[in-house]
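Here is what TrEMBL records for this protein:
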- B:89, B:124: Fe cation binding site (BINDING)
- B:95, B:98, B:132, B:135: Zn(2+) binding site (BINDING)
DNA sequence: GTTTAAATCGTAATGATTATCAATTAACTT
DNA sequence: AAGTTAATTGATAATCATTACGATTTAAAC
């Protein structure tokens, strides 16, 4: 997804176009990996020295809410990445050194639902951690 | 696993037997679910009004390190549960209301390694969240 | 240009976790 | 059974990510 597509999606949902949001989206479009919230803050501060924590966190959660970003917890910190909606539901290998990800086109839930009769599945998480070929 | 077995395991590794550790282990043996660190703190404070944060966190991490406990992150807080070493490697369904878990005797990694040539897998996480039959 | 709700700023509060160091204690030694 | 020693704990403060909030600014609809 590119920045304009994302902003268009926001507009449809009634959100305004702001310089801060553009800048946040740019960062994610440029980097195909999970990024910690504080990293985003640092980057944005280059262009907007006075950005508020509030602005960053509110937008990251909002963007996750409208499925533009995906969120996960790595090392006790919330991380975000651009949702890869070009292909369907999938999971990720995440490099513990550089943070880059590799898509895993396989979802364990497909073959598991028969074992969960009576259980109401709301969500699931499947992540693989390790070293990518470059960092290995 | 029971408290004595766990303490025996600790002794073998050179850790001392303390009242606080016994008490921590008792809590986990009694409850088959993930418990937040702060809940443990609260419980222990009933018996040891002056327990230190340090004592709780240090022991929880140490017990995780020697494979007596398992750790995960739920809702931004670290949670721990007794490792279920009676059966082999497996995963969990976790009830988002009561916290109870159900074992999933299936590991997606078994059928996925062929897709990760060149990648060094260190770890993985597969958790299913939802409502258990009692809370549904 | 006016209007208005949304968004941001500036700053403070919260809350879990980590750190420090002196005092205490478990368990080994003689 | 007392002495020794290193591990463990207690008390407290610091850290750090995240959340909260009122005042100000801004996007965009009219």
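Just so you know, glycine gets a Cβ as well, placed from its N, Cα and C.
Note that the structure is predicted; figures quoted are calculated from it, not measured.
When the Cα atoms are compared, residue B:95 (Zn(2+) binding site) and residue B:89 (Fe cation binding site) turn out to be 20 Å apart. Per-site Cβ counts within 10 Å over the binding-site residues B:89, B:124 peak at B:124. The distance from the Cα of residue B:89 (Fe cation binding site) to the Cα of residue B:98 (Zn(2+) binding site) comes to 24 Å. With an 8 Å limit on C-beta distances, the binding-site residues from B:89, B:98, B:124 that reach chain A are B:124. Using the Cβ center of B:95, B:98, B:132, B:135 for Zn(2+), the list of other same-chain residues with Cβ within 8 Å runs, in sequence order, B:96, B:97, B:99, B:100, B:131, B:133, B:134, B:136. Residue B:132 (Zn(2+) binding site) and residue B:124 (Fe cation binding site) are 24 Å apart (CA-CA, integer value). Most Cβ neighbours within 10 Å, among the binding-site residues B:98, B:132, B:135: B:132 holds that distinction in the structure as shown. Counting Cβ atoms from all protein chains shown, residue B:95 (Zn(2+) binding site) has 23 others lying within 10 Å of its own Cβ.
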